[in-house]
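For reference, the structure is listed below as structure tokens.
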């Protein structure tokens, strides 16, 4: 059996934030969520998250994840002290324990699976992940013999000048036989520069300790400040965009595009520069997104084009033309072959197939049928100062420019509303509606001097 322990008790002082460091977002998920997800391939029997700073907030943020256990570390006295908190909850556990840091979010599941496999295949007491860094400053150094068996681990601040020339660093990721670790943890001392309990000192009490180098040292990047968080985001984005381009998605100027790894894309999607895809969005084949668009938590059906527009929490049907400068939001549903154009906002509305609203309109809390044409400047006046009200427009109806529909109101099918009208009453099918003051010409209206 395998258990996982995630160290997530620290404050993260260098983040300059009240938010616990492990809860800072990285591409749509918190740092610690990404660490938890990286354990998927080893299928752990138990996942223990060690919390401390603002523990209740961390627990609440992770409450949606199943089978997660929390262990509190009331004082933060080092990594060894954090793992000592497992002695009671894991007192009856038999198997191996993987130790991960909650602020190292880029580890691939395959890397953790390889670590566990190496550990078990070689019957090690402990196996630690290492990396060869071009600049290892700040990391503990790992010293091994010719068989990758560890002879010594020295924290950076405790290294002498000769030891600091070693580029093999400790990534802070371990797999231990729990029985060996549990026996060694009470023996830790604070005899070091930081006066803390170092988990690495457990190695002194293990007979066989092996190091395994990670293939890509970027995986073990830790997050201690905003600059490192930004750098990790760039690494994550490179991975995501490479994956989708290899799957048949075209991304122009990828350095200007961001895609959350919760987004799903189908082949032959084209993503133009300065476009951002977030949340649980699904983009179907043949769509063109951008330039300059934001899609968030939305479904975009096949062969739809969205230019310089924002779509959030909504659905857009096939072969639609959206933008430029359109805002669709609030669980809106746009049908097939619709055109929604310049400076149009659609909020919490259902738009039927083949409906057009080309410019300068607000459609809120409305249901529009098929083949409706919304003239420039049409407004659904849905708010009375207290409540929102519904507007219904039937199939094939048309609103003239600068029309106002005062909700609640129902406009029937095949209705034409004259330009400049303010409609306050329901309208039957197949009517022409004129609701505006008559034009009047008054000659000689100026006073004679």
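Heads up, the Cβ atoms here are built off N, Cα and C, so glycines get one too.
Since the structure is predicted, the reported quantities are computational estimates derived from the model, not experimental observations.
According to Swiss-Prot, the feature region 'Pyrophosphorylase' maps to 1-226, an assignment based on sequence analysis. If you look up Swiss-Prot, you'll see 7-10, 21, 73, 78-79, 140, 155, 170, 224, 329, 347, 362, 373 marked as UDP-N-acetyl-alpha-D-glucosamine binding site, on the strength of sequence analysis. Residues or ranges marked as Mg(2+) binding site by Swiss-Prot: 103, 224. For 227-247, the entry in Swiss-Prot reads region 'Linker', with the evidence type sequence analysis. Positions annotated as active site, proton acceptor by Swiss-Prot, on the basis of sequence analysis: 359. Look at Swiss-Prot and you will find 376, 382, 383, 419, 436 tagged as acetyl-CoA binding site, backed by sequence analysis.
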May I have the DSSP-based helix, strand and coil counts for the residues of the region 'Linker' (227-247)?
20 helix, 0 strand, 1 coil
Could you give the mean pLDDT over the region 'Pyrophosphorylase' (1-226), rounded to a whole number?
94
Taking Cα atoms as reference points, which of the binding-site residues 21, 362, 419 is nearest to residue 224 (Mg(2+) binding site)?
21
What are the sequence-distant neighbours of residue 9 (UDP-N-acetyl-alpha-D-glucosamine binding site), meaning same chain, six or more residues apart, C-beta distance under 8 angstroms?
50, 51, 52, 53, 55, 73, 76, 82
Measure from the Cα of residue 382 (acetyl-CoA binding site) to the Cα of every one of the recorded positions 7, 329, 359, then give the nearest.
329
Give me the CA-CA distance between residue 359 (active site, proton acceptor) and residue 376 (acetyl-CoA binding site), in Å, as a whole number.
5
When distances run from the Cα of residue 78 (UDP-N-acetyl-alpha-D-glucosamine binding site) to each of the binding-site residues 376, 383, 419, 436, the nearest one:
383
Using only C-alpha positions, which one of 103, 376, 419 is spatially nearest residue 170 (UDP-N-acetyl-alpha-D-glucosamine binding site)? These are the binding-site residues in the record.
103
Which three-state DSSP class does residue 376 (acetyl-CoA binding site) fall into?
coil
